[in-house]
Each structure stands twice: as C-alpha cells, then as structure tokens.
Amino acid sequence: MSFREKPSPGRLLLDDTVPLTAVIEASQNLQSHTEYIVRVQRGVSSENSWQVIRRYSDFDVLNSSLMVCGISLPLPPKKLIGNMDREFIAERQRGLQAFLDSITQHPLLSSSLMVKKFLDPNNYSANYTEIALQQVSMFFRSDLKWEVLEPLKDNGWRIRKKYFLIKNKEQPKERYLLSWTPYVCPLLFSSTSESSALLIRPFSERGSLRDHICKVKPRESYLKKYCNPKKSQGLQLQDVKLYGRQILEGLKLLHDGGVFFGHLHASNVIVDDGVCRLADVENGVLGVPSALRPAFTQLRKINTTESIDVFCFGRLLYEMVYGRPPDAVPVDQYPDDPDAAVVSVLQSILSTEACKSGMPSVSQLIRTPLFGDVQLQHSEKLQIKVPSRLREALRTAKESLERRLQEEQRMIHQHRRLTRAQSHHGSEGERKKRKSLARKKSRQSAYENEEDVSVRNNNNSGSGASSPPTCPSSPTPPSTTEALTAPPPPPPPPLPATLDSSSRPPPLTSSDAAGGGRSALLSSIQAFSKGKLKRAAAAPAM
C-alpha cells in the first residue's frame with residue numbers, strides 16, 4: 001500500500017524533483033565554534049533562494065546518516081586544536097563546499113530526506129510517516145477488513161510517498177495475483193481526499209526490476225541498495241528483449257487509453273514469473289513529478305507525454321543492458337557493444353542526433369528487429385476502456401502537463417544562454433579582447449584630439465598672415481618693423497613616430513586649411529588609427 005500527500009486548498013506542494021544547489025557564502029566565528037552561511041537555491045531562478053547556517057558538527061551528522069549508501073563522501077576531517085585559525089577555516093570551507101557539491105550532484109543522495117532537511121529545514125521538517133499513518137487510519141475506518149502490519153521505511157526515494165505492508169483480515173495468508181490487464185500492476189483499492197491519496201496493490205516479495213539488476217534484497221533501504229551496488233549486472237539478451245517488449249506493450253496500452261505515465265524507470269517495473277508490469281501508473285494522474293524530470297527538461301525535443309515515455313524507456317533499456325543507468329544523455333559511445341539491434345534502438349533514443357531531431361514512437365519501437373519477433377503470452381488485442389468524461393479530463397491534464405514542460409524548457413534554455421554569455425564575457429580571451437579594443441579606442445581618441453589642435457593652430461596661422469582689409473577711413477597699418485617683431489605662430493605638433501616617410505600624410509598648407517585638405521588629413525589619421533592606412537598617400541587637394 002502506498003500513501004501520497006496532496007496539497008491542501010491554498011497550499012502549494014513543492015516539486016521535490018527540482019534540484020537544490022548550495023554555496024557556502026561566508027563563515028563567522030562565535031565564541032568557540034565557527035558557523036558557515038550556506039546559500040541554497042531551488043531550480044534556475046536566483047530569486048528562489050534562502051540562507052541556512054550550519055556548523056561543522058551538522059555536516060558530520062549528515063555524513064553519518066548517508067554512510068548507509070556505501071559511498072565515501074569528501075567530508076574534511078575533524079580538528080580539535082587550531083580550528084579557529086583563519087587559514088584553517090578557509091581551507092575547511094573549501095572542503096565543505098566540495099562535500100556539498102558531491103551530494104547535490106548525486107541523483108539519489110540529492111533527493112533523500114536527510115539532504116532536503118539539511119538544506120531546506122522549513123519545508124522538510126514534518127514527520128511524513130506519522131502523517132501517512134493518521135490518514136490511513138481515517139481511510140480504514142470505513143473498511144475494517146484492511147490492517148496495517150508495518151511501515152516499509154526508505155522503500156522509495158519519494159519523500160511524501162510512504163509505503164506500508166498490510167493484510168486483508170478475511171484472507172490473511174493469501175497473496176494476490178489478480179491482474180485486470182497484463183503488463184500493468186493492478187490496484188486492489190484506491191481512495192482520495194482533499195489532502196491525500198491511498199492505493200493498495202499486491203506486494204511483490206521479489207522486488208522490482210532494479211532489484212533484479214542490482215541483485216539486492218527488496219526490503220533494504222533504497223540508498224543502501226542503489227547508491228553503490230556491488231553486484232549489479234546487465235540482463236541476458238533474451239530477457240532484455242522479452243522485458244523490453246512487455247514494457248513497450250504496457251506503455252502502448254496506456255497511450256491508447258489516453259493515460260499518460262511519465263514515470264518509467266527500473267524501480268517502477270515489477271517482475272513476477274517472467275512478466276514485467278508497470279507500477280505507480282497513477283502518478284501521472286495524481287500530478288506527481290517524474291523522477292527523471294531534471295533530465296528530460298534539458299532536451300527541448302522531449303515535449304510530449306509519449307516522447308517522455310520513450311526517453312525513459314531508452315534509459316531503462318540502457319540499464320537492462322549494462323547494469324546501470326547512463327551517466328548523462330546524450331550517449332554516443334557504448335561500452336562493450338552488445339547485439340547490433342540493441343545498439344540501434346539505444347542510438348535512436350539516446351544519441352545526440354535523436355535528442356536534436358526527435359525520437360521514435362512506442363509503436364515504432366515495437367516493430368524494430370529487437371522486439372518485433374518476441375512471442376508474448378497475451379497476444380490478443382488489449383484495450384483500456386475509459387469513459388468519455390474521464391478521457392476528456394485526461395486530455396486536458398495531458399495538455400496542461402505538456403504546456404508546463406515546454407515553458408520550463410524555455411526558461412532553462414534562456415538561463416543556459418545567459419550563463420554561456422556570462423561565462424564568455426568573463427573568459428580570459430574575452431577580457432584581453434576588451435582591453436585591446438579599449439586601447440585602440442584610446443589611441444584613436446588621442447589622434448583625433450591632436451588633429452583638432454593642429455587644425456585650429458593652422459587656421460589661426462592663416463588668418464594672421466593675410467592683410468587686413470583697408471578703406472580710406474581705416475587707420476594706417478602697422479609698420480614693417482612692428483610686423484616683423486610679431487611672434488610667429490606655433491608649429492603644428494609632430495606626427496607619431498610610428499609613421500615612416502612613405503606613409504606620412506602630406507603637410508598641411510594654407511590652402512588645405514581653407515579647402516578640403518582638413519577632411520583628407522582627418523580621414524588619413526582615422527584610417528591609420530584603425531590600421532588601414534595605405535602606404536601610397538594621396539596628393540593633397542589644391
């Protein structure tokens with residue numbers, strides 16, 4: 001049985017799949033200890049951020065709680081003497097930042113409740129198991145045949161979804177193998193309220209497909225099972241073909257009935273007696289965000305519910321073949337190439353070309369050589385009968401989901417472009433280019449200022465050499481001696497020494513000052529400052 005919390009009226013439920021990032025902004029010494037100020041951000045918007053203050057002991061407690069995963073995290077060691085030294089605190093801060101980065105970038109650790117509480121205590125302080133037990137008790141008051149045996153702690157990564165082992169009082173020892181249709185796990189009971197949803201399905205002692213791949217015990221903590229599996233191994237080719245075809249048939253069945261899934265991964269596939277069945281099909285209808293949402297929101301071609309399921313199937317097929325999911329998508333290199341038909345299907349979904357141009361449909365995948373010749377136990381035509389009103393509601397919900405996805409992809413694309421632009425603007429090559437351009441503009445401005453001074457001086461020189469106008473009533477002009485004793489006009493400033501005699505512009509004459517020589521000289525100097533001056537100088541205008 002699973003219990004899923006829903007938002008109460010007027011309260012928005014957080015999307016737990018949106019990644020959190022954390023940066024230690026500063027540290028402060030308080031008496032005998034040091035506190036670290038951590039800036040936490042949800043998603044790509046810097047407006048959705050907050051600060052938390054943590055001591056080294058808080059980091060140590062978090063590290064201890066995550067040791068069950070079997071991964072050695074880079075937490076700096078303790079130091080009892082000299083731990084208030086400024087250089088030591090700076091070094092420890094860098095080490096704690098590396099510790100946070102290793103956690104927030106890990107797909108399973110980042111989604112665990114311990115990490116969420118550490119980074120966002122205001123939203124993850126509730127006891128979700130206790131809340132779920134209270135809600136389950138209320139549900140069962142109207143149906144007394146069900147009894148809760150025990151909670152299944154850490155059975156899944158979803159924080160607000162809790163699992164319990166229950167029994168039917170009328171048939172306490174019976175194991176339900178009912179199936180309303182092949183390849184989809186049946187629901188024995190379901191109920192919803194304004195704040196939650198409760199669902200009961202058969203409990204599989206053999207676990208999920210991921211339990212088979214990782215070769216672990218189904219009831220162990222999911223962090224212990226999946227973070228660092230020691231014995232994980234890909235499936236045999238015949239099992240890959242059979243399980244893959246059954247999963248595709250389950251997806252096609254849902255799509256033909258107007259039901260969208262979006263939650264396909266190895267933990268949501270139950271294997272029982274050689275038959276795969278999809279679990280948690282209700283997640284899409286309940287509005288539960290997909291565990292792979294951070295991955296497919298990065299790829300703008302994955303913008304429909306069917307393309308989401310195809311993308312998830314490609315990742316699942318990779319995990320069935322190699323014993324682990326791909327580190328990142330796109331994938332263009334495949335280790336230890338398996339059967340050529342397997343590689344062909346993987347490339348059609350996970351390659352760079354597929355992520356840019358589009359992926360095949362579920363029906364097209366079924367017809368590929370890898371799955372087309374697989375013989376199924378249930379070969380008859382399967383169909384989900386959905387009432388017209390429910391089908392219309394599902395269509396509306398599907399369209400709303402796709403609009404939200406496309407809007408989020410646009411926002412991520414814009415953020416990525418802005419980040420690239422900022423990175424390029426701050427790069428060493430770009431800084432050198434801006435400095436060079438600034439120096440060039442400064443030289444050009446200096447040359448133009450010098451030319452303005454030269455032009456003004458030559459204008460003044462020309463007007464002083466000409467004879468003033470005379471008329472009968474005008475006074476007698478000054479004597480020749482007085483004219484010779486007048487100070488001569490200052491010479492024009494010399495041109496820069498970088499100009500040689502062959503590229504030096506012609507001298508400025510009085511006729512140049514009065515005619516087109518000024519503009520010709522200005523053009524020459526401007527051209528020189530831009531590095532485009534020709535060695536053969538044009539003759540001055542006369």
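Backbone N, Cα and C atoms are what each Cβ position is placed from, and that goes for glycine too.
Feature list (source: TrEMBL):
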{"type": "COMPBIAS", "residues": "414-423", "note": "compositional bias 'Basic residues'"}
{"type": "COMPBIAS", "residues": "432-443", "note": "compositional bias 'Basic residues'"}
{"type": "COMPBIAS", "residues": "457-468", "note": "compositional bias 'Low complexity'"}
{"type": "COMPBIAS", "residues": "469-478", "note": "compositional bias 'Pro residues'"}
{"type": "COMPBIAS", "residues": "486-496", "note": "compositional bias 'Pro residues'"}
{"type": "DOMAIN", "residues": "14-126", "note": "domain 'PX'"}
{"type": "DOMAIN", "residues": "88-418", "note": "domain 'Protein kinase'"}
{"type": "DOMAIN", "residues": "517-536", "note": "domain 'WH2'"}
{"type": "REGION", "residues": "414-517", "note": "region 'Disordered'"}
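Assigned with DSSP, the residues of the domain 'PX' (14-126) fall into helix, strand and coil as follows: 42 helix, 28 strand, 43 coil.
Counting residues 6+ beyond its ends, the compositional bias 'Basic residues' (414-423) has Cβ neighbours under 8 Å at 44 in the same chain.
Across the compositional bias 'Basic residues' (432-443), the DSSP tally of helix, strand and coil residues reads 12 helix, 0 strand, 0 coil. Confidence over the domain 'PX' (14-126), given as mean pLDDT on the 0 to 100 scale, stands at 88. Taking H, G and I as helix, E and B as strand and the rest as coil, DSSP gives the compositional bias 'Basic residues' (414-423) the counts 10 helix, 0 strand, 0 coil.
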